[in-house]
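K.L.:
Questions regarding the structure given below will be posed in turn.
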Amino acid sequence: MAHATQVGLQDATSPIMEELISFHDHALMIIFLISFLVLYALFLTLTTKLTNTNITDAQEMETVWTILPAIILVLIALPSLRILYLTDEINDPSFTIKAIGHQWYWAYEYTDYGGLIFNSYMLPPLFLEPGDLRLLEVDNRVVLPIEAPVRMMITSQDVLHSWTVPSLGLKTDAIPGRLNQTTFTATRPGVYYGQCSEICGANHSFMPIVLELIPLKIFEMGPVFTL
């Protein structure tokens, strides 16, 4: 999870997040090189006296600065399109969980376990235990298995919300009257935090998401016992 003074992205807990971090580094390297070359050209322009203000035509230069940006855009677009395809791919999920956004809490339904339904509210500061995180803890965590593909079906009961867990690389809008879906496969056990990422009213900041990822064998004993 994120911590104070953190500069980089959160540690990846799914293959999709690993791909996103790699793409971030790839794009950042290209942007850094472009910025360096532009600043270097500006520096030379300001410091050298060997400038010619009478140039009216330079076909070679125009060809270069047309083709080069196109190549750079392709180098950025191709990895981005690959990740976009991976995020939309649904690979025979082992479990399906439904998340419903409300003002201002989340409701969850384990459709594969007899329709187990529960609400997840943020814990007020008075109920926090030592070591708990302010504005991020909930009364009922979402318990899911690791190393198994999980499908999240996300919708809203009232206004626009967004179900987001950064460590898993997930951000899916919850739209009234529409059922969006996303999949992920967690690679490490632990407790992971997220929040509603779509402004949804006065208490938008009080809609945390907490996932407790556990080994598959423990999960198969029954998620109801770990809530």
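We count from 1, first residue shown onward.
Placement of Cβ uses the backbone N, Cα and C atoms for every residue, glycine included.
Below, the features straight out of Swiss-Prot:
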| type | residues | note |
| --- | --- | --- |
| TOPO_DOM | 1-14 | topological domain 'Mitochondrial intermembrane' |
| TRANSMEM | 15-45 | transmembrane segment |
| TOPO_DOM | 46-59 | topological domain 'Mitochondrial matrix' |
| TRANSMEM | 60-87 | transmembrane segment |
| TOPO_DOM | 88-227 | topological domain 'Mitochondrial intermembrane' |
| BINDING | His161, Cys196, Cys200, Met207 | Cu cation A1 binding site |
| BINDING | Cys196, Glu198, Cys200, His204 | Cu cation A2 binding site |
| BINDING | Glu198 | Mg(2+) binding site |
K.L.:
Using a 10 Å cut-off on Cβ-Cβ distances across all protein chains shown, tell me which of the binding-site residues (His161, His204) has the largest neighbour count.
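P.N.:
Most Cβ neighbours within 10 Å: His161.
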K.L.:
Which ones in the same chain are close to Cys196 (Cu cation A1 binding site), with CB under 8 Å and 6+ residues apart in sequence?
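P.N.:
Non-local contacts for Cys196 (Cu cation A1 binding site): Gly101, Trp104, Trp106, His161, Ser162, Trp163, Thr164, His204, Met207, Ile209.
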K.L.:
Determine which residues of the same chain, besides Cys196, Glu198, Cys200, His204, have their CB within 8 A of the center of the CB atoms at the recorded Cu cation A2 site, and list them by sequence.
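P.N.:
So the additional residues around the site are Gly101, Trp104, Val159, Leu160, His161, Ser162, Ser197, Ile199, Gly201, Met207.
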K.L.:
Determine the Cβ neighbour count for Met207 (Cu cation A1 binding site): the number of other Cβ atoms within 10 Å of its Cβ.
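P.N.:
Cβ-Cβ neighbours of Met207 (Cu cation A1 binding site) within 10 Å number 27.
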K.L.:
Among all protein chains shown, how many Cβ atoms are found within 10 Å of the Cβ of Glu198 (Cu cation A2 binding site), not counting that one?
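P.N.:
The answer is 18.
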K.L.:
Looking at the topological domain 'Mitochondrial matrix' (46-59) alone, can you tell me the average pLDDT?
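P.N.:
Looking only at the topological domain 'Mitochondrial matrix' (46-59), pLDDT averages out to 74.
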K.L.:
Measure the Cβ-based neighbour count of Cys200 (Cu cation A1 binding site), defined as the other Cβ atoms within 10 Å of its Cβ.
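P.N.:
Taking all protein chains shown, Cys200 (Cu cation A1 binding site) has 21 Cβ neighbours within 10 Å.
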